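Below: the structure, in structure tokens.
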Amino acid sequence: MRKQGELALPGEELAVIEEFMPGDGTYEDEGKIRSAITGKIFYDMLNRKSNVIVVKKSPLINLRKAKYMIGVVDSITGENARVSVYAVEEKNVGDSISAILHVSQIANKRISSISSYLKPGDIIRAKPITSRIPISLTTKPNDCGVILAKCSICGTLMTREDEEHLRCPYCNNIETRKIGLYAVKKNGRKTSQKE
């Protein structure tokens, strides 16, 4: 179970149906309560409901000093991925901020195609390179990359197989991604690449 007050992104598991019922900003998926929106986790212990509450946009978010951003890959065209940034460090930005991730900024090795390492719908942790909108991002640092991904065949949340591959626990599909240290779960729990 995730901690009260933590930032939750769409699709993240918060609890199981035996513990809580879905409340505001959440839904039930195969016995698991998942976040439907970006916001702070709130557990209503009296009514046994798991909620995600939208936090109002912080009036001043200094993009120049931001160490990392959390966003969703919207689309991939040519050598660029369009990303909607929803959080700067741990601060929810309310309306998304437009960002671009170029193929040369995905990994510390040559990549011929973005779609080999990212897919639309992936949630990524990235470092901003510029502070002008659209923000240029990089996922080259070890702590950056895909943090949550769904199977492109069946839509099930994927788990980490190794340093570059994710496996679907439902259909056993294996896909390549640029995975960061704060990455995708392995066997249903958070992991670091060192495991």
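Using N, Cα and C of the backbone, Cβ positions are placed for all residues, glycine too.
For reference, TrEMBL has these:
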- C151, C154, C168, C171: Zn(2+) binding site (BINDING)
- 7-41: domain 'Exosome complex component N-terminal' (DOMAIN)
TODO: Give the number of CB atoms, excluding that of C154 (Zn(2+) binding site) itself, located within 10 Å of its CB.
DONE: 10
TODO: Would you count the other C-beta atoms found within 10 angstroms of the C-beta of C171 (Zn(2+) binding site) for me?
DONE: 11
Open item on the list: Other than C151, C154, C168, C171 themselves, what residues in this chain have Cβ atoms within 8 Å of the centroid of the Zn(2+) site's Cβ atoms?
Closed with: S152, I153, G155, T156, M158, P169, Y170, N172, N173
- [ ] Give the residue counts of the domain 'Exosome complex component N-terminal' (7-41) per reduced DSSP state, in the order helix, strand, coil.
- [x] 0 helix, 19 strand, 16 coil
Open item on the list: Looking only at the domain 'Exosome complex component N-terminal' (7-41), what is the model's average confidence as pLDDT?
Closed with: 87
Task: Number of other Cβ atoms within 10 Å of the Cβ of C151 (Zn(2+) binding site) across all protein chains - done: 20
- [ ] Under 8 Å Cβ to Cβ from C168 (Zn(2+) binding site), same chain, six or more residues apart: give me those in sequence order, or none if nothing qualifies.
- [x] C151, I153, C154, T156, M158, I174, E175
